[in-house]
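A short worksheet on the structure shown next.
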Amino acid sequence: MTLQWAAVATFLYAEIGLILALCLPFIPPQRWQKIFMFPLWGKIATYWNKAFLTIIVLLIVLFLDAVREVKKYSISHGLEKSSSNNPSAYEHVQMKLFRAQRNLYISGFSLFLWLVLRRLVTLITQLSKELGIKGVLKIQADNNNDAAKKYMEENERLKQALEKTGKGDEQKIDSENKNLVESVEKLKAELMKTSEALSKVQNEAVTMKKQSESLSKEYDRLLNEHTQLQVGKPAVLDRRELLVMIIVKVQLSSIYSPQIQEI
């Protein structure tokens, strides 16, 4: 086996071992996801697509070369088999055909398993992500169910409490409403009384104001008459009349001035 086919066979054995490891049932996808998230894989991931395509191209070239060798030695095998003159040449061609078929199988299975390995890694990664999302959604659903149960229990408690205290509250509300109605009626009666008293006081104030105006006019008239008669009367009489008028004015002002100020 030449060096290139030995490398291809080693690559095939590595693929088989890796696929068997990925298919082990006791290793969960989350564990593989953690392995794929190592920093080393992060550095390799940037060159992963280029390396994947390069390996596919090499395997396709080797597979086509193995197909060509198989066709070539199949034709030679038929010719040597028809002519039985040189048995060593027939055995040599048969050995070459066996090697070409072996190389064909090695390259073909390497190419197929390389594609399967890529798809298997992709599916494991997607499955681990979906399982992580499923776990998060399950935790959220459990929390929501617990919260809903708590709210339902609190709602039932509130309903029971309202049923117990509903009758007493209704009686209290009725009694408070009756008291409020009675107090409103009392306030209306008091308001009517105060409005009537206010109207009486206003009427009295108006009459007193009119009386004061009439008295002041009468005083002014008397004062004018006094001034007119002052010329023909003696001084002693004038002083007496003036003193009387002053006393009357003081009495009138003392009687009516506080009531006018209140008005």
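Cβ coordinates come from backbone N, Cα and C, glycine included.
What TrEMBL annotates here:
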type	residues	note
DOMAIN	1-129	domain 'BAP29/BAP31 transmembrane'
TRANSMEM	7-27	transmembrane segment
TRANSMEM	47-67	transmembrane segment
TRANSMEM	104-121	transmembrane segment
COILED	141-225	coiled coil
DOMAIN	183-232	domain 'Bap31/Bap29 cytoplasmic coiled-coil'
TODO: Please give the average pLDDT for the domain 'Bap31/Bap29 cytoplasmic coiled-coil' (183-232) in this predicted model.
DONE: 79
Task: Helix-strand-coil residue split for the domain 'Bap31/Bap29 cytoplasmic coiled-coil' (183-232), DSSP-based - done: 50 helix, 0 strand, 0 coil
Open item on the list: Given a Cβ distance threshold of under 8 angstroms, which distant residues of the chain, six or more beyond its ends, lie next to the transmembrane segment (47-67)?
Closed with: 4-5, 8, 100-101, 103-104, 106-108, 110-111, 114-115, 118
- [ ] Mind checking which residues of the chain, 6+ beyond the ends of the transmembrane segment (104-121), have their Cβ under 8 Å from one of its Cβ atoms?
- [x] 5, 8-9, 11-12, 15-16, 18-19, 22-23, 36, 52, 55-56, 59-60, 62-63, 65-67, 69-70
Open item on the list: With helix taken as DSSP H, G or I, strand as E or B and everything else coil, how many residues of the domain 'BAP29/BAP31 transmembrane' (1-129) land in each class?
Closed with: 113 helix, 0 strand, 16 coil
